[in-house]
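Asker: Okay, here's the structure, questions in a sec.
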There are 4 protein chains.
Amino acid sequence: MSIQMPPAHPFDDDKLKEECGIFGVLGVTDAANFVALGLHALQHRGQEAGGIVCHHPERGFNSARRFGYVRDNFTKQSLMETLPGPLAIGHVRYSTAGAKGPAQIRDVQPFFGEFSMGGAAIAHNGNITNAVALRKELIERGSIFQSGSDSECIIHLMARSLQRTIPERMEDALRRVEGAFSIVAMTRTKMIGVRDPLGVRPLVLGQIADGWVLSSETCALDIIGAKFVREIEPGEMVVVSDKGVESHFPFRRQLPRFCIFEHVYFSRPDSIIGGRSVYENRRQIGVELAKESPVDADLVCPVPDSGTPAAIGFSQQSGIPYAMGIIRNQYMGRTFIEPTEQIRNMGVRLKLNVNRALIQGKRVILVDDSVVRGTTSRKIKEMILDAGAAEVHFRIASPPTAWPCFYGVDTPQREKLLAATMSEDEMRDHLQVDSLRFISLDGLYRAVGEAQGRNAKCPQYCDACFSGEYPVAPSDMIENGFQLKAAE
Amino acid sequence: MSIQMPPAHPFDDDKLKEECGIFGVLGVTDAANFVALGLHALQHRGQEAGGIVCHHPERGFNSARRFGYVRDNFTKQSLMETLPGPLAIGHVRYSTAGAKGPAQIRDVQPFFGEFSMGGAAIAHNGNITNAVALRKELIERGSIFQSGSDSECIIHLMARSLQRTIPERMEDALRRVEGAFSIVAMTRTKMIGVRDPLGVRPLVLGQIADGWVLSSETCALDIIGAKFVREIEPGEMVVVSDKGVESHFPFRRQLPRFCIFEHVYFSRPDSIIGGRSVYENRRQIGVELAKESPVDADLVCPVPDSGTPAAIGFSQQSGIPYAMGIIRNQYMGRTFIEPTEQIRNMGVRLKLNVNRALIQGKRVILVDDSVVRGTTSRKIKEMILDAGAAEVHFRIASPPTAWPCFYGVDTPQREKLLAATMSEDEMRDHLQVDSLRFISLDGLYRAVGEAQGRNAKCPQYCDACFSGEYPVAPSDMIENGFQLKAAE
Amino acid sequence: MSIQMPPAHPFDDDKLKEECGIFGVLGVTDAANFVALGLHALQHRGQEAGGIVCHHPERGFNSARRFGYVRDNFTKQSLMETLPGPLAIGHVRYSTAGAKGPAQIRDVQPFFGEFSMGGAAIAHNGNITNAVALRKELIERGSIFQSGSDSECIIHLMARSLQRTIPERMEDALRRVEGAFSIVAMTRTKMIGVRDPLGVRPLVLGQIADGWVLSSETCALDIIGAKFVREIEPGEMVVVSDKGVESHFPFRRQLPRFCIFEHVYFSRPDSIIGGRSVYENRRQIGVELAKESPVDADLVCPVPDSGTPAAIGFSQQSGIPYAMGIIRNQYMGRTFIEPTEQIRNMGVRLKLNVNRALIQGKRVILVDDSVVRGTTSRKIKEMILDAGAAEVHFRIASPPTAWPCFYGVDTPQREKLLAATMSEDEMRDHLQVDSLRFISLDGLYRAVGEAQGRNAKCPQYCDACFSGEYPVAPSDMIENGFQLKAAE
Amino acid sequence: MSIQMPPAHPFDDDKLKEECGIFGVLGVTDAANFVALGLHALQHRGQEAGGIVCHHPERGFNSARRFGYVRDNFTKQSLMETLPGPLAIGHVRYSTAGAKGPAQIRDVQPFFGEFSMGGAAIAHNGNITNAVALRKELIERGSIFQSGSDSECIIHLMARSLQRTIPERMEDALRRVEGAFSIVAMTRTKMIGVRDPLGVRPLVLGQIADGWVLSSETCALDIIGAKFVREIEPGEMVVVSDKGVESHFPFRRQLPRFCIFEHVYFSRPDSIIGGRSVYENRRQIGVELAKESPVDADLVCPVPDSGTPAAIGFSQQSGIPYAMGIIRNQYMGRTFIEPTEQIRNMGVRLKLNVNRALIQGKRVILVDDSVVRGTTSRKIKEMILDAGAAEVHFRIASPPTAWPCFYGVDTPQREKLLAATMSEDEMRDHLQVDSLRFISLDGLYRAVGEAQGRNAKCPQYCDACFSGEYPVAPSDMIENGFQLKAAE
């Protein structure tokens with residue numbers, strides 16, 4: 001069934017979209033209630049659908065998968081009563097890699113498999129870059145896939161493993177898998193957390209009373225009142241049971257390459273990554289941007305809501321007053337009918353409105369987090385000029401996004417990325433603004449705490465979307481004709 | 001049917017709630033589509049339900065009334081196709097005065113009546129303070145009420161008027177009515193707008209191509225690209241047809257008393273009232289507050305989202321850095337299941353989270369728009385302290401709310417208002433914060449442009465909720481035992 | 001909202017449709033549950049919508065009105081819990097007189113009105129033949145109608161009555177009303193039952209424990225285990241309270257004219273009318289028909305399901321074996337998509353299938369209850385011939401339906417009635433069957449117990465649909481141009 | 001999700017329930033529309049859920065699976081438009097073998113699997129008696145099951161087959177399978193039909209224009225106007241493509257054992273099995289029953305609706321008049337709320353009502369199709385006696401049901417079958433009726449055309465539910481402790 005989902009952010013169609021959030025709890029009464037809360041706090045990582053699997057000693061495995069927001073589904077007592085037990089994991093998703101056609105409930109995670117030693121469920125954030133090849137191989141051997149999701153490969157690899165325990169089978173399976181993966185999985189008695197060797201996607205461990213929590217971000221620990229314990233390390237697998245947490249390192253050691261875009265946009269500003277506040281990192285990006293690309297103006301306005309911390313930082317560094325020049329309609333949801341040409345052309349007004357009396361006659365600096373296709377930047381510029389602004393200057397809190405992500409983020413094809421085909425100056429002319437500046441890659445690294453900037457030989461983060469340097473070869477895509485950046 | 005509606009603001013249960021937004025369009029193709037957009041822009045004035053009535057020369061009157069958000073109902077093509085014609089009016093509401101029990105669709109406006117000279121529909125923002133007495137009188141004469149709404153009196157009074165035209169009948173009816181009312185009404189060919197003699201509630205006139213628009217606020221003109229023409233004046237009735245706008249003044253002239261709380265909280269910050277930006281007025285409240293009640297601290301944080309403009313103003317006046325110390329979950333909606341004591345106690349965390357890394361060890365000024373019951377102020381204080389703040393100072397962008405509103409705002413009974421029973425110092429002790437200061441009534445008047453402050457003999461605004469001085473005697477309530485403020 | 005309702009009978013579009021069933025209970029715990037059961041038993045009298053109003057000493061009046069079957073709405077605990085108290089009345093309806101456009105929930109009865117002496121609700125089976133004139137008069141005096149239903153006039157007339165009690169006001173109102181009406185109404189403490197002076201529509205009184213029941217038919221007494229007490233007499237008003245049943249006769253006495261079509265088709269075969277089993281009356285019609293119009297054949301087959309009793313009687317009288325030659329699909333509901341010409345042409349097969357092996361080579365007598373437009377008779381004939389029948393003989397258990405009903409039955413306009421424009425022989429040729437015979441009007445009267453047949457000077461029943469003799473002048477229709485039968 | 005489904009027959013909880021109907025069409029435009037119609041005609045074989053899979057040359061495989069009636073789901077244009085192409089198969093089901101807990105959409109057939117040579121879908125009527133063992137073996141080899149259904153084994157066996165084409169893989173798979181199976185399957189271009197070697201479940205071939213049809217029963221050919229071609233033979237596999245129909249016999253030849261209960265109850269009376277009308281067979285059962293067990297009485301009444309043909313036969317043979325003594329409420333659906341003890345006790349009245357005026361003082365013969373638990377027979381007897389019947393005689397159109405079915409019919413555990421623990425006389429005493437007689441096994445065989453009755457050495461039908469002689473050993477059940485009948 002095709003479902004039109006409400007966009008999460010005002011210009012969702014012109015943003016990169018994180019594909020998943022994962023969360024699990026072991027050792028509390030009615031764990032699924034906690035998982036629902038955790039997924040609600042992670043909703044920004046995936047708005048299309050959500051699922052929970054749980055286990056109860058007498059009532060066995062139960063699951064529910066639904067399209068739509070966590071708050072609209074996993075708040076109904078009638079549903080939650082069907083999800084009993086002290087162990088549960090959950091998943092919110094945007095959409096799966098390679099899905100064609102309308103969304104299908106069978107693609108919604110967690111995936112469940114029954115093995116000879118018992119059942120297991122698995123929830124995955126990331127993307128498997130050799131999934132097409134793996135799937136072909138598995139089908140040839142007689143596996144039947146339930147979904148179009150790349151993540152399902154993992155559970156079939158586990159089903160065919162010759163190992164005796166589920167954690168061992170998972171290790172077996174993950175050694176065949178390439179790409180980015182943070183995983184929360186469960187058996188009848190254990191919860192398992194894994195991060196890929198590069199640690200591209202986040203995963204943290206928390207504690208609540210006598211129970212344990214795994215979560216994509218710390219903000220979801222806060223919502224249930226859990227204490228942050230530590231991040232799961234790149235390449236680490238933790239097996240959590242009522243006896244505590246065991247740690248394994250099943251993969252060949254590699255230097256970590258955490259996704260730098262989590263700092264720019266994906267993660268919630270109240271989360272803490274690598275010991276640093278995401279909000280503070282974003283504010284610092286604004287500070288760096290003001291240092292790198294100052295401009296004389298009257299007001300610094302964020303593009304709501306994601307540009308706000310960087311705009312505050314830019315204002316503080318530049319001394320130019322911060323102001324809410326654009327007001328967001330907080331009741332925005334699904335697309336409106338737009339029956340006449342007249343209405344069709346206003347699109348963006350449904351979501352945003354210019355604070356006309358404030359803007360009139362002013363030189364305005366607009367701070368946004370990124371430019372993807374550039375379509376909405378252009379519309380915002382027009383709204384601001386219509387309202388009588390004297391000048392419009394864009395300052396972007398990330399470098400030009402010139403390459404698609406293959407590690408769990410939904411990006412347009414390369415040709416659709418504005419920065420793939422234009423220089424900064426060409427983009428400025430294209431958007432018809434008075435100035436346009438992106439933060440430099442080094443500036444971004446400095447803002448997130450790398451005082452020396454980017455180490456070009458051995459970058460501290462995955463920044464493939466900016467640099468085109470892919471830390472894991474996207475083998476399915478290469479097979480499919482994708483051209484890597486030419487060696488320099 | 002009882003419907004639990006999503007709260008509009010994080011602490012809705014501890015806010016005053018505007019009861020209605022009204023909007024009408026005449027002279028465009030498929031006017032109902034424009035009305036849907038206008039109501040969407042006015043959704044902050046009423047989230048429980050919405051309705052549209054329209055008229056088409058061949059297809060006559062049609063209507064639709066629904067619980068829930070405009071975006072979820074009036075965006076479906078199948079519904080909008082049943083609402084044809086060049087003339088339409090609409091209404092969003094919070095709840096009607098005096099309603100007991102669950103919300104009923106029959107209480108959702110616009111109300112429609114068929115008179116001998118044709119049908120008419122009416123949408124009302126405000127409250128009729130003699131509705132109980134009028135209703136009793138009308139029932140004794142044989143009128144049958146469809147709803148529990150005070151606004152329905154108007155249409156019955158019109159039905160019984162001896163006048164020959166609908167506008168004349170409306171004048172007749174409104175002369176029997178006491179209280180606050182901004183009205184948008186329609187016949188088959190005309191749109192009518194009225195404001196009560198004091199002009200308590202807002203109403204503006206706009207123009208779009210050859211058509212005309214009536215709206216509660218200017219932000220709803222912006223969304224459809226209509227041009228602001230002027231405010232309807234207190235005591236004015238405009239009759240809009242394809243021949244243009246006629247103006248009448250059917251009531252005895254009085255000095256206007258616009259609701260000052262529209263500036264503080266109800267209106268959208270991007271609306272313009274009396275030629276002034278609501279955002280700018282709120283920022284100026286922050287400036288006044290910083291002048292009146294300065295305090296030494298490290299950060300100025302808004303309570304999201306309504307405290308934001310005042311917090312910006314406070315920061316700019318005081319020089320203390322502005323920061324997002326509290327992050328709002330933008331996916332919040334209906335209440336979660338809270339099955340265990342443990343979860344039940346966290347309530348507020350579903351909606352807000354403290355930016356822990358930022359707050360820790362800091363002296364924090366929290367700027368909020370108002371204190372009603374005080375319940376959420378206390379919870380926020382606890383969250384901030386739990387996160388490690390060194391001091392918490394509340395600064396409130398309105399004077400103490402000590403009296404209920406009887407003019408179209410949902411306020412708790414007087415006993416439930418914290419300021420009705422405590423002094424400012426007692427409230428500070430009750431909330432257990434390091435300091436608590438409200439803006440003075442004069443400071444508020446200055447912030448909204450009255451350089452000399454409040455004219456105590458003849459106040460420029462309705463400020464009954466702060467002062468207890470009711471410009472229209474709430475006669476039903478007095479009949480029911482309400483004690484007015486003793487003369488001083 | 002437009003709702004496509006499932007047809008109740010296989011060829012609903014070619015049947016006359018009863019417009020309403022009414023039911024009320026006083027003096028039992030949770031009376032609304034009994035009313036739901038009673039309405040379920042009366043569902044054949046109206047499938048489009050149903051409503052219940054009830055009263056509880058502390059919780060006051062409550063109501064629910066829903067489109068669709070009783071079993072789908074009034075079986076939900078969440079709904080029924082909102083309908084408490086020892087007194088409740090209900091209504092099922094097909095459609096209201098004069099309704100244009102899609103069905104509206106506001107047209108669903110019971111209607112409720114608040115008078116100065118308290119509230120009252122009213123449910124009506126029948127049709128008011130001067131409703132248009134009454135409505136015009138009431139609107140001119142300032143009444144506002146909630147619905148498009150003729151029945152609403154009664155409650156407005158009551159609201160304007162100068163009498164002091166609700167039963168007296170109802171008498172007052174009903175004296176202004178022309179047409180057919182059986183009514184169940186309620187106040188806070190009383191249940192009222194009325195039949196018009198001719199007693200066109202049925203209404204019976206029953207007893208259950210210490211409580212009382214009013215119902216359109218006895219079959220609805222059976223479902224709740226109530227004892228049949230007696231029929232309400234034509235022109236009688238009963239006022240039922242916990243003190244018992246008071247009887248009034250507010251109208252001028254007239255000779256009764258019960259609707260004879262209730263015997264033919266509307267009433268359920270397990271109901272008892274005038275001391276006679278409806279099933280037995282129908283079987284007896286078959287016996288009369290076999291006497292009047294015998295034919296040599298191999299099988300007597302009913303057109304399911306309403307032709308069954310008459311077919312049994314025909315078989316028993318004629319000695320020709322009874323057989324189920326046509327099988328009804330008991331899962332039939334809404335219309336199917338019929339996307340291709342090929343599928344579109346088969347229509348009737350969705351509902352019925354010929355028992356091919358049985359029919360082949362046989363001379364078949366088909367017994368149906370009536371012929372309205374004749375469209376489905378024709379299709380059935382084709383199905384039977386396609387299946388290889390040697391001959392097809394139609395025997396119809398009612399006289400030719402040549403006139404519309406204005407007393408609460410939905411009939412096509414006169415021109416659409418096959419018998420209005422054709423003789424019996426012309427109809428036979430039109431349907432291309434081997435023979436076609438209707439029961440005579442006298443035969444029908446004999447079958448329902450009038451040994452001497454019809455008294456032409458003073459007919460014992462209302463048979464206007466057959467005879468064109470309308471016992472109450474249909475004044476609104478005459479005003480609207482309807483031509484009465486010319487005097488002979 | 002748990003869904004309470006409407007019972008299909010008045011006393012569904014006391015009937016044996018067929019588990020499935022299957023239907024497929026190849027070679028027509030929009031085949032899924034035809035499949036929807038076919039499944040509607042087969043709805044009596046499974047009311048819980050339905051599914052359709054189709055294939056379009058450009059748009060590939062599509063599918064939809066829904067709980068509820070075909071008419072409520074597969075009639076929506078929005079859904080049917082997602083099911084394009086000239087080849088489609090479908091399935092209606094009651095419930096799957098071994099399902100625990102609430103119904104799950106993943107258990108709804110057809111099942112789909114993607115093999116290396118392309119996709120295939122499969123719909124199964126019957127039951128696999130070694131499914132538990134097969135499932136265990138497949139899981140040990142790494143297969144992951146999507147459902148709890150026994151039928152899914154087939155698709156996993158196919159996935160693991162070493163054969164090169166899908167039909168060959170299906171042969172391979174079915175040779176591992178024990179039990180009863182009629183199957184309709186499809187690839188991108190072919191439709192496959194199979195019956196197990198004993199031919200326990202029905203399957204017929206039809207033709208429509210240039211296209212081909214497979215169906216459980218002939219009544220579903222009639223609904224789409226398809227011509228009956230022939231029955232698929234026991235042990236036959238047909239492969240249908242646009243080149244025509246190929247026939248294979250992959251299994252070891254065995255003497256056929258068609259399910260005799262299909263004649264008694266499961267199949268629709270307008271279907272033709274083995275060249276004989278099901279209706280006529282049932283009428284003949286009534287004739288045999290009247291010969292074997294005559295009784296002096298006034299009326300022969302069917303227990304609606306399934307007892308009707310046998311009651312007609314009984315009446316014709318005995319000369320005792322046939323009458324509708326029990327009337328069924330045709331609007332019956334989901335269970336009503338039964339909030340008081342008083343209402344709870346009437347249960348059956350919601351569905352049936354006695355034709356009181358007819359029954360009073362009469363000696364009544366009730367003809368029913370079977371006695372399973374006996375609970376409803378008892379209630380009906382009480383209703384008839386309450387209505388004043390002088391005597392009640394039960395005549396049952398099948399022998400005592402003393403053994404559970406393991407071949408695709410939902411039967412209670414053996415202990416719950418009344419006939420498993422009581423003799424005919426004990427059952428009569430238990431039911432407290434004046435007499436109770438079942439047809440003899442030989443009488444039943446005669447009625448369905450075996451003039452010599454049952455061949456005890458080599459029975460012509462599967463009659464395990466009566467005789468306890470299971471033609472295929474129910475190996476999973478034996479493993480699970482089921483005791484076969486001791487050899488005599």
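Quick reminder: no glycine exception, Cβ is built from N, Cα and C everywhere.
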Asker: Since TrEMBL lists C:Cys259, C:Cys462, C:Cys465 for [4Fe-4S] cluster, which candidate among C:Cys219, C:Cys301, C:Cys405 does it give for that site as well?
Answerer: C:Cys405
Asker: Which candidate from C:Ser306, C:Ser315, C:Ser423, C:Ser435 does TrEMBL annotate alongside C:Asp368, C:Asp369 at the Mg(2+) binding site?
Answerer: C:Ser306
Asker: DSSP secondary structure for C:Cys259 ([4Fe-4S] cluster binding site), reduced to helix/strand/coil, please.
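Answerer: In the DSSP reduction, C:Cys259 ([4Fe-4S] cluster binding site) maps to strand.
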Asker: For the recorded Mg(2+) site formed by C:Ser306, C:Asp368, C:Asp369, which further same-chain residues have Cβ atoms within 8 Å of the site's Cβ center?
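Answerer: Close Cβ neighbours, site residues excluded: C:Tyr265, C:Pro302, C:Val303, C:Gly307, C:Ala310, C:Val367, C:Ser370, C:Ile396, C:Ala397.
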Asker: Helix, strand or coil: which one is C:Cys465 ([4Fe-4S] cluster binding site) in, per DSSP?
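Answerer: DSSP call for C:Cys465 ([4Fe-4S] cluster binding site): helix.
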Asker: Return the count of C-beta atoms lying within 10 angstroms of the C-beta of C:Ser306 (Mg(2+) binding site), excluding that atom itself.
Answerer: 23
Asker: Name them in sequence order: residues not among C:Cys259, C:Cys405, C:Cys462, C:Cys465 whose Cβ is within 8 Å of the mean position of the Cβ atoms defining the [4Fe-4S] cluster site.
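Answerer: Checked against the 8 Å cutoff, the neighbours are C:Val200, C:Ile260, C:Phe261, C:Tyr407, C:Val409, C:Asp463, C:Ala464.
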Asker: Cα-Cα, whole number of Å: C:Cys20 (active site, nucleophile) versus C:Ser306 (Mg(2+) binding site)?
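Answerer: Counting only the Cα atoms, the answer is 18 Å.
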Asker: Select the closest residue to C:Cys405 ([4Fe-4S] cluster binding site) from the following binding-site residues, measuring between CA atoms: C:Ser306, C:Asp368, C:Asp369.
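Answerer: For C:Cys405 ([4Fe-4S] cluster binding site), the closest Cα among C:Ser306, C:Asp368, C:Asp369 is found at C:Asp369.
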Asker: Compile a sequence-ordered list of residues in the same chain as C:Cys259 ([4Fe-4S] cluster binding site), six or more apart from it, whose Cβ lies below 8 A from its Cβ; state 'none' when nothing qualifies.
Answerer: C:Ala180, C:Val200, C:Arg201, C:Pro202, C:Phe266, C:Tyr407, C:Val409, C:Tyr461, C:Cys462
Asker: To the nearest whole angstrom, what is the C-alpha distance linking C:Asp368 (Mg(2+) binding site) and C:Cys465 ([4Fe-4S] cluster binding site)?
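Answerer: Distance (Cα to Cα, whole Å): 17 Å.
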Asker: According to DSSP, folded down to helix, strand and coil, what is C:Cys405 ([4Fe-4S] cluster binding site)?
Answerer: coil
Asker: Please report how many Å separate the Cα atom of C:Asp369 (Mg(2+) binding site) from that of C:Cys465 ([4Fe-4S] cluster binding site), as a whole number.
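Answerer: On Cα coordinates alone, these residues lie 14 Å apart.
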Asker: Around the C-beta of C:Cys465 ([4Fe-4S] cluster binding site), how many further C-beta atoms are within 10 angstroms, looking at every protein chain?
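Answerer: For C:Cys465 ([4Fe-4S] cluster binding site), the 10 Å Cβ neighbour count is 28.
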Asker: Quick check: in three-state DSSP terms, what is C:Ser306 (Mg(2+) binding site)?
Answerer: coil
Asker: For the domain 'Glutamine amidotransferase type-2' (C:20-243), what is the mean per-residue pLDDT, to the nearest integer?
Answerer: 93
Asker: Would you mind reading off the Cα separation of C:Cys465 ([4Fe-4S] cluster binding site) from C:Ser306 (Mg(2+) binding site), to the nearest angstrom?
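Answerer: Between the Cα atoms of C:Cys465 ([4Fe-4S] cluster binding site) and C:Ser306 (Mg(2+) binding site), the distance comes to 19 Å.
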Asker: Please give me the CB contact count at 10 A for C:Cys405 ([4Fe-4S] cluster binding site), counting all chains in the structure.
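Answerer: So the Cβ neighbour count for C:Cys405 ([4Fe-4S] cluster binding site) comes to 23.
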Asker: When you measure from the Cβ of C:Cys20 (active site, nucleophile), how many other Cβ atoms are you left with inside 10 Å?
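Answerer: There are 25 such Cβ atoms around C:Cys20 (active site, nucleophile).
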